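Heads up: the structure comes next, in C-alpha cells.
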Amino acid sequence: MAGLKLQAVTKSWDGKTQVIQPLTLDVADGEFIVMVGPSGCGKSTLLRMVAGLERVTSGDIWIDRKRVTEMEPKDRGIAIVFQNYALYPHMSVEENMAWGLKIRGMSKAHIEERVREAARILELDGLLKRRPRELSGGQRQRVAMGRAIVREPAVFLFDEPLSNLDAKLRVQMRLELQHLHRRLRTTSLYVTHDQVEAMTLAQRVMVMNKGVAEQIGTPVEVYEKPASRFVASFIGSPAMNLLDGVISASGDRFELPGGLALPIGAGYRGHAGRKMTLGIRPEHIALSSQAEGGVPLTVDTLEILGADNLAHGRWGDQKLVVRLAHQQRPAAGSTLWLHLPEHQRHLFDGETGQRV
C-alpha cells in the first residue's frame, strides 16, 4: 500500500486565473477519499493532475513517499477507471484485462495468474471469453476495474465510473466498490458529482467548489457540521434549509424578514447586528403546536415519497422544507406548527459563508 500527498497544488490554464486554488491533501495508506462537487468545480482536473494527464502549475504530488510531480503517468504507480469503459471491442474480457500487462512485457504465466485472480474477485470467471458487446453495463464496468486491478497499482483513481449506469446498477456497483476496497485496501481517490456515492463510499469526503476544498472530513462530519454555507447546501437530500437574517441587537435572537425571530442563546452577543444565515435540515425540524410556542408554516405543496413526505412552505420570501413521517400528509394551505431544535441549528457568516 502507499499514501498520496498533494502539497499546495494549483492549476491555471492562462497563468492568471487559478482553477485549482492552493490545495493540500494527505491520503493515508489504504484510505478511500471521495472528491465531490458540482460540474466545473475542479475535481476531475485535480484527479488528472494526480494521474499526470495534466501538468501541475505549482506545488507537489507525492505517491508512496516519492515525488511524482513531473513523472510520466506510466511511472507513477497509478491505475485509472474512467466514466467510459474504453474496452477494446474486438478483444475478449480476458484479453482486455491482460493487455496492459502484455505490452509491459510481463510473462504469460504471470499475466494469467493476475487476470484469473482479478476475475475471481470481480465475479467475472464465467465471462472471460466474451466480447464487450455481450456484456451488460455493470459487467463492462467490472472489466474496466479488473483491467486496473491486475496492474496492482499503488493508487486507484476513479473518474465518475458509475455515471453511465442506471440507478439500480449504480446502487449495486457502489456495494461492489465497497467490498472491493475492503478486500484490496488500495489507496483510492474517487471523483463524483453524486453526493450519495460520496457519502456511501468515502472514508473521508473532500467537498469542492470553484477550485477550493471547502471541507475535508468524514461523511458524518460534513453532514453534521458543515464548514460553510456551500457545504450545507450541497450535502444532504433535500438540501439544508438556509434562512437569511440578522442577529438581534441583544445578540440572543435570530431575526428574519417579516418580524419572525428565533431564540439562539447568549453565545452570539459578539455578533449583534451582523447578517447571518441560519441552517437547519428538513429532517431535524419537529412538529409542535401553537401552545408550545411553535412557529407557523403554511404548506404550499406536499411531496409524497413513500417512506416519508416533504412539506414545502415559505417564511416571507424564504423557502422552508420539512421532512414528515409517512402518515403525516398535511393538505396544501394548512398550517404546520414547527419546533427548530437549537442544537440542530447552524449559523453561517452572511458575508464569507463560513460556519460561525
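Note that Cβ sites are derived from N, Cα and C of the backbone, with glycine treated the same way.
Copied from Swiss-Prot, the annotated features are:
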- 4-235: domain 'ABC transporter' (DOMAIN)
- Gly37, Pro38, Ser39, Gly40, Cys41, Gly42, Lys43, Ser44: ATP binding site (BINDING)
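Feature map: Swiss-Prot annotations on the structure.
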residue	record	contacts (Cβ under 8 Å, 6+ apart)
Gly37	ATP binding site	Lys43, His193, Val207, Met208, Asn209, Phe234
Pro38	ATP binding site	His193, Asn209, Phe234
Ser39	ATP binding site	His193
Gly40	ATP binding site	none
Cys41	ATP binding site	Met208, Asn209, Lys210, Gly211
Gly42	ATP binding site	Lys11, Val19, Ile20, Met208, Lys210, Gly211
Ser44	ATP binding site	Asp159, Glu160, Val191
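Residues Gly37, Pro38, Ser39, Gly40, Cys41, Gly42, Lys43, Ser44 make up the record's ATP site, and a Cβ search at 8 Å around their centroid adds His193, Met208, Asn209 from the same chain.
Following the DSSP three-state reduction, the secondary structure of Ser44 (ATP binding site) is helix.
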